[in-house]
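If you check TrEMBL, you get these features:
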- GLY105, PRO106, THR107, GLY108, ALA109, GLY110, LYS111, THR112: ATP binding site (BINDING)
- 427-464: coiled coil (COILED)
- 21-346: domain 'Kinesin motor' (DOMAIN)
- 356-403: region 'Disordered' (REGION)
Amino acid sequence: MAQRVAVSEVGGGRASKRTSRVRVAVRLRPYMEEQDEKGEGPCVRGLGPQSLEITNWRNATETLQYQFDVFHGEQSTQQEVFLSSVKPILPHLLNGQNASVFAYGPTGAGKTHTMLGSPEQPGVIPRAVREVFHLVREQEREKGDWEYSIGMSYLEIYNEKVLDLLSPGSQDLPIREDKERNILIPGLTYVPLSSFSHFHTHFIPASLNRTTASTKLNQRSSRSHAILLIKVVKSQRGPPHRQLTGKLYLVDLAGSEDNRRTGNQGLRLKESGAINLSLFTLSKVVDCLNAGAGRVPYRDSKLTRLLQDSLGGSAHSVMITNIAPEYKYYFDTFTALNFAAKSKLIVNRPFVRETVSSSAPVKRPSDEQASAAAGEPQRKRVKEGHEEEEKEGVPAGAQPHSPAVSTVLDRLLALEKLMMGSPERERLNLLKTVAQSRREIQELRDKQRELEAKALKFERADQDKGMQGDSVLCKTELSSLHRKQSTVARPKKQQAVVPPLQVSQVQPLQQCAVLCKPSLCSSNKQHGPVLKGKENNKAEDSCISNDWESRLDQSVLQQSQQKILEILNSGTLKNLKTLQLVGDKTAKLILGWREINGPFQQVEDLQKVEGITAKRFSSFIKANILGTIGR
Ligand SMILES: Nc1ncnc2c1ncn2[C@@H]1O[C@H](COP(=O)(O)OP(=O)(O)OP(=O)(O)O)[C@@H](O)[C@H]1O
């Protein structure tokens, strides 16, 4: 599990070589109806004071559990966050040590709320400053031989420029390092403070100078990293007149952004690039510090350069990762959690299950596939505490995607995997490619939806008028899109064409190599009320559950089984996990079985592996054969 707890008790000020880890807290914002247009419910929930779980978009039957130093749930108050994550580090300032607290997370997840708060619910900044004054007054009372002074600076980093918020209109300020490795910003306004209310008179107007702009996601989205510096200078009244300075950085980071979702363009896009770059560097720095790496890339961004003497080394740092529970934030949340945690646990027990009522409009599988592929997790209704057998035998997350979408999705998955272990520049390039893939998926999804809607309209018209002519046109257009998707995605390989529902109805089943994927058959079922009666649906259901193999060309079937057998017999753990319905645990069981019993003679032997029942095997074989053909 992620172990980032041990903020070392450093006795000797900045000269100490000991490196503190960054303490990681996660705060989950309350679920907000208005942020969830589709009414999908939350995709993440707390499990305890240090852990949470999120649904696994790769497999809807699993959740991913994460552990942190602290988890602040939806109900957590500003006071609780302050007391457990921030207050403990403040006394170090009075010993000449540095500290930093920064709020990280996607746009709209609650960073500003956590750091700044509101007059009714003040956040970390006002509480921390008040506490610093309190600690100083206490020390002054107890130890009369030292005198203290407190002062502030306030700046923002916007588009990699350092701007003074206490002196609006100032130019980009340089960042320097003195002989003792203290970071300085020559020209930055420094205001000595006499009291907490004095702090307020400077801080509030300066906060309004912060560069904010409206994006689709957050009306006052922070476009810059706002950094408040509180300095405590402790001077000995008598000889040898020692002086100690402790710096506290309180940082409200700009939101990490997915530009596809925010709709950023032009200047906003440029801002977003700078934001993501510095956050990326910050993540590298935190990773290096927590891994005890020799070289920490502080200099790669202004943000980390500025925080250099207050992040790592002898400084005490806390990162509060803010996350949002709505599905539309799923990937941002997922990324933020992966940044914050070093490891995670996959659990085969979803905390959500499908409970779409029969009267509710049913979402078509093509939409499901496309939305999962486009970076949104499978849609689910939440009902906790129960588990239900999968009705179709194939879990929602295991349903095959249309060839084009799954090709892009495969690429996306591969890229994401690759990114985890790549050096920084490579990761940036990969990030770009990932964004491009996501865009492609989105475009394919939109086009597919549009044509399916069109086809459905024609189908209805046909039924009313008893005519076929027009719909053929649309069906042809739709099937040509599918063909186009296949060829665009993989021009050189021969592609299995997956005809949409309407096409498979008018074509004899044996004409195509692949005729009916379960998702498409169930798509058929869901169009049922429009297209046919209930009994036909039933008949078709049984065709889906029992007859799918007979719909396939036998040689194709054999080839696919052979391919699966090859993976089962020679695949590594990683290869095995590429099979549908094979997670980490099953892959390990397969490897174990193979080691003891030798190669599988036929795919059916898989049922000899512990936990693979006949039902599971049948789902496995169905999902994988159709998946293999689709590739
Ligand atoms: N813990 C919370 N309790 C109640 N409301 C919250 C909480 N966290 C956030 N909010 C509300 O959610 C909205 C978005 O929060 P906030 O502006 O803090 O997000 P942010 O992460 O700072 O976004 P950005 O990066 O765009 O500035 C605000 O209306 C805020 O009041």
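The first residue you see is number 1, and the count goes up from there.
Even glycines carry a Cβ here, placed using N, Cα and C.
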Where PRO106 (ATP binding site) falls in three-state DSSP terms:
strand
Neighbour-count leader, CB within 10 A, binding-site residues: GLY105, PRO106, GLY108:
GLY105
Let's check the environment of THR112 (ATP binding site): how many other CB atoms sit within 10 Å of its CB?
25
